[in-house]
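Trainee: Encoded as structure tokens, here's the structure I'll be asking about.
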Amino acid sequence: MAKRGYKLQEFVAHSGNVNCLSIGKKTSRLLLTGGDDYKVNLWSIGKTTSPMSLCGHTSPVDSVAFNSEEVLVLAGASSGVIKLWDLEESKMVRAFTGHRSNCSAVEFHPFGEFLASGSSDTNLRVWDTRKKGCIQTYKGHTRGISTIEFSPDGRWVVSGGLDNVVKVWDLTAGKLLHEFKCHEGPIRSLDFHPLEFLLATGSADRTVKFWDLETFELIGTTRPEATGVRAIAFHPDGQTLFCGLDDGLKVYSWEPVICRDGVDMGWSTLGDFCINEGKFIGCSYYRNSVGIWVSDISELEPYGAVSEDKNECMVKRFSVLNDQSERMGSGPRGSVSPDYETREIKNIYVDCGNLNVAQNPGSLKATLPLESGKVATMVSEKQNAAYFGPAGDKYSSTSRDSDSGEESSYSERESIPFSRTKSGMLLRPAHVRKTLAKFEESKQSAVVQSATRKKSGLAVEEEPQTQNAFLSEQNASKPFDAEDSIIKGITNKFEKALSSEPPTDEANRMFLKPPRIHRSSNSKYNDTRRAMSADPATFGKGGMENSGDVEDIPSKTERVLSREKPGDEQKNTEYPSGSRELNPVKIVEGVNVVSGRTRSLVEKFERGEKTTHTEGASTTIEQNNNAVQEDPRKTSRQTGETPVISTRRARSTPARVMPIVLNRDSNVTSDEPPLTQPARTSSFPVMPVILNQASNVTYDEPSVALTQESRTSHARILPVTFNQATNITSEEASVTLRRQRRNSAARVRPVLLSQATSHECPVTSVRPLRTSPARVMPTKLNQSVNMTSDTSHIASMHRVSPTQMLATPTVIDQVADMTLDETHATQIQPACDNMPQKEEPNISDREDDSDITENLMLTHNEFLSTLQSRLTKLQIVRHFWERSDVKGAIGALRKLTDQSVQADVISILTEKIEILTLDMFSQLVPVLTSLLGSRTERPVNVSLDMLLKLVAVFGTVIRSTVSAPRIVGVDLHANERLEICQICSAGLHKIQRILPVLARRGGLITRKAQELNLVLQEP
């Protein structure tokens, strides 16, 4: 082996022994060393004086690491304490405690403020620098951990231990994914391939092994060397692996596994090395000294020059191959390398939904050999593009079209650095691995091209390099500095997004996003939620304050909630310009405040007082009660009849109005033919009166009178239907229908009454205030219906299926309590097998367009009242959010018992999971539990999504803390953490008992509930 490596410098680094060192991979110009003198020293390669010494440890430093920007420094000590320094501020910013023995390995997460540490206590811990605590603990090694490496996408972390085992951990699922046990010595170094789905492991057993991360199989191993492996790293182009041994440097190709070159370096203990600008830079240590070693990669195979004799031999031997390639290149389609797919940058760490990597091979051009510095620049640019991609997205890759040189990026934003993927979802696109024959063929082709250029008189002294033939000219001309600045800008964005500073304008406007509307089969009710969607373009820079539509809502709603007379309200509406608005919107501390209401609610929340969301509704109730003073008993004559009255308490869910079915042998007499509906503020459908066989009807007085008081909803009157063998002896057969003001439709549920009496029994249904819309349902008939009435202009046929005739406990629970006269017997009719199918009711007396418009406008005030209530609650939460009081916002959310508002806020928090702490998790558990009991689908889905992410982040911490033995002594922080974890654990156990019920609902809820149940069952 030729002497192609040399020592650049050597200097004394510490007053005691040097235990560890690390080179910054961004610039390859900074060096960290840790020693027995409890210090971490920063060095600039090429200089012998330390510009900075970091103090704070009280025991020897065993491990050090830079972050990707070389701004933060991490150091683990023999006591198990980990300290974090900021080089720009020259101070220690964090200290982490948790390991029971020396911290032997530390590593920064590639994105976000996370880090991992391994210790001799066999535990691997993942820490969050903002939460100042451990968020995940992995146990499985039987001896200490010696090295740690994150996957390029940050979703996996790999640990190598003194037990000769390499373990792959899935950060998203929080569990062991796979382990490799083929080494016979302690693991000393790990590295991921920059382009392929491949892992290399170096061990003290003097071998390097290559593992396929798609199948988790061993695909190759090197022959045992004379000495053990100290450090390994892939070349940025991915073709070769550089392996630092105890006594020298080896260069391996990984497919096939061949030793391409070797250099005797003469170092003592290699600590770390890097490859930058065509140079190999290694750092070794011995006692208290550090040595810097350099080797020129252009002089190493397969990147170095081949001898002249070997060139000529290759030209003669493969001249036929050259002629064939020239003939193929002159044809209509140029020759394409069979291994072009291995040269493309592939998105190898993406979700299942983002596998649209462009693979258009096109024609590939062979470029002239470039200087080693330019080669490294292009390769580094390629690698950075694969990891970061354009526009600042974390997880994206760029595939290059060889024909046009265009780039297409495929990226997906992540809520946390390692989320949104299940266990084992790291994927790799199909690629072509080169066999030995293909590798030799590509090498021979490169030699033939070089010889051809030499014969033509080209003044090129450097020998060709195989990888240059696959780099596009556009990529070669792109400066590295521009790419480096893009990467720096991307990283700065991530740091700002994950920092603990007060929320930015984007965070302040997080609640201005249009709520997600889930359309279920209950569309009549869900259609009213459409108006909540807001066009983001209508919001200005100031958020809600600059939106004219939002400002108009409180003013209109204030008129609804006011106690003014209807005449006054009409006067106010005569001024559409807003000059006569009663209570304009005011802006107080960035929050829209309606005078006299919103601000008082916010102040009450700050004082901790209890508030209610029914204040506005009570005003409307009082106004409606004043408008309706009619006694329902006035509709019946003083002739001794006993009215049947159905009453119901106020409720917030849609009501079901019960149609009355009068069966056989029922005699109803009346002198007054019109069937009228009394005047009222709002009403529900008049229940259809169905007179069955053998019924004698004479209009002596109203047969059915329905009076409904104090309502904010209204519905249309349903027809009166007469069945077979019905004798109608009436001089006036018309039915007068009086339509009153109404706001929403109601739902009809059938009640079948069998009456065998001739008493005059008017049936009166009295129902109190209803605050939510309902749905009209078709009525039910007992037998086939023949319309034989002169009132056919309002008649319709209603048919139902047999199953709709069954009375279930749910239906009975929703029906109002009825008190019937002793002469009236209530009976539930059995289902008939020969019932006709369900059919939509056809009402012939349709309203004209003006009536429809009027009816729609009558529901407008109720809709605005609902929106105003939700807006007020969201403003309360936003009031805390703008003060960076996330905990206070969650506390306010618990008091606001509005599931729609809770679902909206939690859906935003799901996208910002990094701001939540374990304490906030304990406060969110009751809210999430209540959302799981919602009858609508969206709150349940939002709750399950949040629980899946929270359990993935905090589940391991909660389980380990609750199951850990009690610590002897007084530790206030430990006791507080234990109490919080116990609260979270109890809440999760309660949720786990609810999941089997949710799993039976079907659809997306079932899948998420089953997934959460499996996660909670893990030990």
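Backbone N, Cα and C define each Cβ position, glycine as well.
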Trainee: With Swiss-Prot as the source, which of 455-474, 475-494, 775-794 is set down as region 'Disordered'?
Mentor: 455-474
Trainee: Provide the three-state DSSP residue tally for the motif 'DWD box' (114-130): helix first, then strand, then coil.
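Mentor: When I sort the residues of the motif 'DWD box' (114-130) into the three classes, I find 0 helix, 12 strand, 5 coil.
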Trainee: Over the motif 'DWD box' (114-130), what is the model's mean pLDDT?
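Mentor: Averaged over the motif 'DWD box' (114-130), per-residue pLDDT gives 92.
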Trainee: Kindly report the helix/strand/coil residue split of the repeat 'WD 2' (56-95) according to DSSP, in that order.
Mentor: 0 helix, 22 strand, 18 coil
